[in-house]
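Colleague: Pulled from TrEMBL, these are the listed features:
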type: TRANSMEM; residues: B:35-55; note: transmembrane segment
type: TRANSMEM; residues: B:61-83; note: transmembrane segment
type: TRANSMEM; residues: B:113-137; note: transmembrane segment
type: TRANSMEM; residues: B:144-165; note: transmembrane segment
type: TRANSMEM; residues: B:248-269; note: transmembrane segment
type: TRANSMEM; residues: B:281-308; note: transmembrane segment
type: TRANSMEM; residues: B:320-342; note: transmembrane segment
Amino acid sequence: MITINDRGARTRAVLRRFSRSTTMTLLCVTLAGYLALGVASSGEFFQGPSVRTFLQYLATPILIGLAQMAALCVGQLNLAVGALGGFTACLTGVLMADDGVPAPVAVAAGVLAATLVGLVTGVFIVATRINGFIVTLGTMTILLGAQYRLAGTRTIDGYSPTLKDLGRAAPLNLPLVFLTALAAAALLAAFMYRATAGRRLLAAGGNPLAARLSGISTDRQIVLAHTLSGLLVGVAAVTATASLPGVNRSVGGDWLLPSFAAPIIGGVALNGGSVAVFGTVLAAFVMRLIDAARAQFSLDPSWVNFLIGLVVLGTVVGGRIHQTHLEKKGKAQGRTPPAPVGPGPTAEAAPPNAGGAQ
Amino acid sequence: MRTPVTTPEHDSRADGTAAIRQPAQRLPLWVNQRLGLLVLTVALAALFGLLRPAFLDERLVLFPLLRDISTLTVVALAQMVVLSVGHMNLAVGRMAAFGALFAGLGYDRLHLPLQLGLLLCLFAGAAIGFLTGWIIARTGVSSFVVTLAMDFALLGLVSLLYSALTENAAFTTQPSGLMDLRSTSLADICVGPVCGSPAVPQMAQFTVLALGGLGFLYTRTRLGRELLLTGANPAAAELSGIPTGRRVILAHALSGLLAALAGFMAAVGTGTFRASIGDDFMLPSFLGAVLGGTLLTGGVVSVLGALLGTSLVGVIRKGLDLLGVGLESLNIYLGCVLLLALSADRVRTVVSYRKVVRST
């Protein structure tokens with residue numbers, strides 16, 4: 001038991017150190033980018049309305065990044081993020097506009113539906129032992145169809161004005177939806193770093209065998225991770241419904257790639273066992289900055305995707321080179337050699353795994 | 001992205017591939033996934049034909065259906081090649097668009113003949129695949145991340161190039177022969193008085209070539225075995241003297257080449273070279289390969305399975321469409337079919353494994 005405590009403490013220490021380094025870089029990039037944009041727009045970018053728009057459209061990227069991260073932390077991928085988000089948004093919209101359900105009930109129903117879909121996905125993966133990638137690919141297809149069936153070709157916009165007002169409300173130029181996203185991030189961070197259930201999730205993701213041997217059901221963790229992912233997607237869908245002028249079948253269509261980009265830039269390993277809540281939030285910031293810069297200089301929207309691709313590639317390759325450099329230099333104490341399996345851990349992933357995970 | 005491969009899967013599915021020669025123990029015939037797929041596809045086609053005789057209309061239904069299947073089979077093969085080394089290629093669609101861009105550019109600006117444009121397209125695809133593979137092999141970063149980033153980058157780059165090079169974001173110049181390639185079927189090729197079926201498009205030649213080439217590569221050549229070994233166990237492959245890095249690069253370059261071929265075929269099918277080519281390739285690429293029996297974990301491929309898996313999906317799609325199931329519900333059924341097929345497969349392998357174990 002002492003060793004586990006020790007390992008926990010060490011992992012936490014390593015984790016803290018690592019999060020400081022990655023997040024510091026991201027923080028610097030964010031601040032520098034923001035300042036540069038402000039200067040380029042001759043100060044207009046710092047003014048209230050600009051800040052508000054900037055933060056308004058930041059809520060969804062943060063939430064979907066976190067949703068993907070919840071699945072990634074047990075080594076699962078959730079391809080259904082976009083489809084589930086779109087489906088939930090349309091469901092909420094249709095419930096309010098067509099069936100006259102009051103907004104709070106519809107929102108609750110939407111979030112609940114998303115959570116349930118996540119739960120079912122997780123149970124299905126565990127029950128059939130089919131790769132999560134394929135299962136979520138299947139649920140993605142089903143949900144896309146369901147979303148199209150709900151919304152058809154129309155745009156649903158006749159729903160509760162209160163919800164729309166809430167979506168656009170911005171006390172002190174801080175949009176409510178952005179605060180919602182931040183609150184979700186804070187709760188998730190508390191859950192992952194402080195709660196026993198969260199630690200179990202990470203343990204199961206870092207080394208399933210060791211987790212099983214120490215009495216953690218990896219199956220249950222997979223179900224929990226997908227449920228959590230579904231819940232976060234549900235919240236993302238609600239913020240999207242609230243802040244968009246209307247929902248249609250294209251909502252969620254472009255969520256999948258950013259949902260992966262944010263955690264990867266933020267320093268989450270794809271093979272599980274690590275989370276970086278703050279890093280993911282910052283990475284969403286960086287991506288939003290690229291988008292804002294594109295709008296500022298009125299460039300082709302295609303530049304955003306191109307640049308995000310380069311940033312993702314640069315982050316992982318740079319991190320990898322950095323890690324190899326470190327290994328050559330000091331043969332970091334107690335670090336096991338990288339796993340022989342193809343998808344090696346990214347640089348940011350290695351330190352937490354060094355605590356006996358790999 | 002987990003590596004542990006359960007034994008039942010290996011035992012039952014490997015029988016179609018040359019990766020592992022089964023000793024005396026052979027699994028019963030009904031476990032053969034490809035046979036099941038074939039039977040299911042034929043049965044469904046017959047059912048749809050009975051319900052809607054229009055389904056068997058050679059020119060209006062079967063011809064476009066087979067053209068779609070031809071294209072998507074190549075897409076599935078592009079995915080299968082990377083799956084064979086245990087990697088993924090999320091950028092298949094974008095690589096297809098990238099290849100098609102070069103073909104269109106060649107026809108529009110350089111006034112290349114049809115064949116040379118195709119060559120340029122294939123070369124561009126292979127080059128971008130090579131670059132992807134090189135980054136993966138060199139840095140050791142997961143293929144998922146690298147191809148995801150590549151997808152992003154190409155998504156932007158291809159649209160940028162189209163808007164920079166063309167006026168309305170598409171190359172419409174068509175070299176001589178392109179229209180023929182699009183509409184020619186076996187009916188136009190006659191040997192004496194016997195003509196082929198008007199249902200089989202000429203474009204299927206590319207698919208047959210790709211299928212034959214890959215089949216030969218994986219079953220007959222050392223290179224193919226080395227690819228599979230790299231996928232099954234990279235560490236063991238490295239230790240037995242296989243340059244795994246180079247094999248990974250080869251797999252990605254091949255995937256890029258096949259993706260570009262699929263992009264060319266899709267462009268020929270629609271008649272224009274535009275940025276939206278390959279937008280919807282990712283789902284079919286995995287569907288075809290995985291339904292066909294290729295393992296996501298690497299080491300097991302099924303070339304014929306990719307064709308059969310794609311055909312099944314194509315037949316279901318077309319059949320439901322003819323039955324009047326709206327576009328909106330089509331995806332729901334397709335997703336259910338995918339999950340059901342895989343679950344059934346799972347049950348089958350587990351049951352057959354138990355039987356085999358009991359009989360020994």
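Heads up, the Cβ atoms here are built off N, Cα and C, so glycines get one too.
Unlike curated entries, TrEMBL annotations are predicted automatically.
On a predicted model such as this, the values are computed, not experimentally measured, just so you know.
On this model, are these features tucked inside or out on the surface, and what's nearby?
Modeller: Only residues 6 or more beyond the boundaries of the transmembrane segment (B:35-55), in the same chain, are considered here, and those with a CB under 8 A from a CB of the stretch are 29, 61, 291-292, 305, 308-309, 311-312, 315-316, 318-319, 322-323, 348.
Residues 87, 89, 91, 95-96, 98-103, 105-107, 143, 146-147, 150, 154, 175-178, 181, 244-246, 248-261, 263-264 of the same chain, all 6+ positions outside the transmembrane segment (B:113-137), place their C-beta atoms under 8 angstroms from a C-beta of that stretch.
Listed by sequence, the residues of this chain that lie at least six past the ends of the transmembrane segment (B:144-165) yet keep a Cβ under 8 A from its Cβ atoms are 1, 87-91, 93-95, 97-98, 101, 105, 108-109, 128, 132, 135-136, 171, 274-275.
Through the fold, the transmembrane segment (B:281-308) approaches residues 2-3, 5, 9-10, 13-14, 16-17, 19, 33-34, 37-38, 41, 69, 72-73, 75-81, 83-90, 92-93, 96, 207, 211, 214-215, 218, 228-233, 259, 262, 334, 338, 341-342 of its own chain, all at least 6 residues removed from its boundaries and within a Cβ separation under 8 Å.
Away from its own ends, the transmembrane segment (B:320-342) comes close to residues 48, 51-52, 54-55, 61, 287, 290-291, 312-313 of its chain (Cβ-Cβ under 8 Å, at least six residues beyond either end).
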Colleague: Same chain, outside the transmembrane segment (B:248-269) by at least 6, Cβ under 8 Å from its Cβ: which residues?
Modeller: 67-68, 70-72, 74-75, 77-79, 81-82, 84-85, 87, 89, 91-93, 95-100, 102-104, 118, 121-122, 124-130, 132-134, 136-137, 143, 178, 181-182, 203, 206, 210, 223, 227, 230, 277-278, 281
